[in-house]
Each structure stands twice: as structure tokens, then as C-alpha cells.
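The domain 'Immunoglobulin' feature in TrEMBL is assigned to 22-115, 127-216. According to TrEMBL, the feature region 'Disordered' maps to 218-239, 274-327. The feature compositional bias 'Low complexity' is assigned by TrEMBL to 219-234. For 246-268, the entry in TrEMBL reads transmembrane segment. Annotation comment: TrEMBL describes 287-311 as compositional bias 'Polar residues'.
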Amino acid sequence: STVLSIYVFSVVSTGIHGVSTVSHVSVKQGGSITIPCLYHHGSEKHVKYWCSGYFFHFCSTLIRTDSQSASNWLSIADNVTTRVFTVTMKNLQLGVSGYFWGAVEKGDTTHLYLSVSTGTAGLYVDQQHVTGVEGQSVTVNCNYSNSGGFCWCRLGGSCMERSVGNLDGASVEIKRIRANGKKVMIVTMSQLKIKNTGWYWCAVGDLQIPVHITVSQPTTTQSNTTITNQNNGGTDEKRQERTQSLLVVLVIPLSLLVVLIAGTLVTLKMFRKHKDKKAKDQPPNTPVQSADSEQNITYSTVSHTRRTAQQAAKPDVVYSTVAAHQR
């Protein structure tokens with residue numbers, strides 16, 4: 001923690017008179033960058049200028065706020081309200097690498113080192129200027145290829161070294177991921193306030209990259225969208241509750257119906273099994289007679305009389321005694 005605090009302190013270049021900026025930036029050849037320089041109260045009316053060279057007293061002035069010469073690669077602007085003057089350098093080439101000084105007349109100075117590389121910059125963002133809406137969030141992707149500690153700071157303010165925390169009243173979350181072969185430091189600031197408008201910078205190792213965040217008030221459309229989303233959220237919750245209640249009402253009868261059908265099928269199966277067993281136990285070719293088949297039975301006694309010669313001429317007569325037996 002102590003080492004990291006010393007590191008955070010060292011990446012900010014602050015002049016003895018209170019001018020501050022980043023200390024080391026990296027830019028791809030042909031690329032552009034804007035450098036913010038924060039100066040102290042009382043210097044609003046003083047001239048600001050930008051020069052190059054290892055020593056300030058021997059540096060070459062490149063541009064001034066009081067006499068900007070026509071240049072297709074360099075410009076300077078002074079915002080006396082925020083007390084920040086910015087220098088924008090475009091189409092940077094390898095020979096431009098070196099030390100630069102931001103200065104306020106009367107001796108206020110600060111310096112940084114600019115590295116121009118042929119390949120991808122060591123630390124860069126796709127856009128140095130991003131916008132957000134009050135009460136919402138904004139995300140900054142800091143792409144890096146170097147290594148070292150990381151932090152998110154406000155120019156002239158405090159830094160956040162943890163993964164989750166607060167900075168100037170806004171919630172901040174920092175993640176470091178690998179995506180498509182790139183290492184990215186993702187900074188998300190949420191619950192934005194108007195006062196969060198200003199210059200920030202992300203740092204990885206000894207490199208920094210400035211980012212300006214503008215927080216604006218929500219428009220009527222954005223406010224209505226937020227309210228609509230909240231209402232839709234409430235409607236969705238009620239709809240979900242109704243759906244759950246309906247499911248409960250349907251599940252109970254369906255469960256009872258399933259149990260009833262299962263019981264019926266089991267009963268039918270047992271009945272058929274019992275019937276088949278009874279059929280197997282009965283002897284084959286045995287007629288089944290009912291008790292009523294003996295109700296109308298006639299019993300008879302038949303006697304034969306041998307005839308004599310004289311009786312041979314007479315027809316045969318059979319005498320029988322018939323007795324009806326009733327049950």
C-alpha cells in the first residue's frame with residue numbers, strides 16, 4: 001500500500017507553483033493526444049504556453065494562448081472557469097518524442113514525457129472525451145500492453161487504487177480483463193453528478209492517459225425513459241406474481257388428476273390379472289352349469305315285456321311310468 005501510494009504520487013507532475021498534469025504518455029505514430037494542465041487560482045488572466053526541451057529554461061516555445069500561430073498539428077485552449085488549459089497535438093511522428101513543458105506566465109510550470117511508437121501505444125483510449133448523464137453511468141476502456149500498478153484519478157484531485165470505491169461522490173468500479181488478445185482496464189463511474197465533469201486519467205505502470213468526462217442533466221426524453229423503465233419494472237413484477245399464482249392454481253388440480261388416473265390404471269391392471277388367473281385355474285372342456293338347469297328335469301322308468309307267439313302279430317307296446325320331480 002505504501003509503495004503504491006508513492007507510485008500514485010510520482011505519476012503526477014506538479015510544478016512548484018501548483019500546475020499539474022500527467023507525467024508520461026504514449027501515442028502511436030500518426031495519432032493525436034490532448035494534454036490538460038491544471039493551474040492554481042489567481043492565474044486565470046496570465047498567458048499559458050507550451051514548449052519542448054529537456055530543461056525548461058532552454059525549451060523552445062511552440063504555442064501561446066495570446067498569439068496562436070497557424071499550425072496543423074498543435075493547438076492550445078484555456079478554460080478560466082475550470083482553470084485548465086489544454087494542448088492538443090495531432091499527427092505525431094517519431095521525432096516528436098521527448099520532454100514538453102506546460103507553463104503559466106510568472107513562472108508556474110509542469111512537464112511530461114511524450115513517447116511516440118511505431119506500434120500500438122503502451123496505454124491508450126479510443127476516445128479522450130466521453131459524456132454521461134446525471135444519475136447514470138459512464139465507462140472508459142483503457143487499453144494497455146505494459147505492466148504495473150493501476151489507478152483512476154481526477155486531475156488535481158484524489159485517486160482510487162481499489163477495484164471498488166468512490167471518487168468525488170460517484171461510485172467507481174475498476175476491472176482488468178483480457179479480450180481479443182488485448183489487456184483492458186475498464187473504469188465504470190456510476191451515480192454521476194454534475195460536479196463529476198472534468199479531467200481524469202487512468203494509469204498502468206509508469207504510463208497515464210487523460211480522459212475528459214462531461215456530465216449533463218437528463219433531458220425530458222431521458223427522464224421519461226427512466227420513469228418508463230421503472231414502471232415497466234413494476235409491471236413485470238406484478239405480471240410475474242400473477243403468473244406464479246396461476247401456476248399454483250393449475251398445478252394442484254393437475255396433480256390430483258394425475259394421481260386419480262394412476263390409481264385407475266393400477267386397479268384395472270389388478271382386475272385383469274385376477275381374471276386371467278381365474279381362467280387359468282378352471283379345468284379345460286368343463287361345461288359350467290347353473291343351478292337353474294336342474295329345475296325342469298323329468299325322470300322316467302321304462303320296462304320291456306317279452307312277447308309270446310300269439311302276441312307277435314300285435315304291435316309293440318311300451319308301457320312306462322312317468323314321474324315328474326320338482327325341486
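Including glycine, each Cβ sits where the backbone N, Cα and C put it.
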The transmembrane segment (246-268): which same-chain residues, six or more beyond its ends, come within Cβ distance under 8 Å?
none
On the 0 to 100 pLDDT scale, where does the domain 'Immunoglobulin' (127-216) sit on average?
95
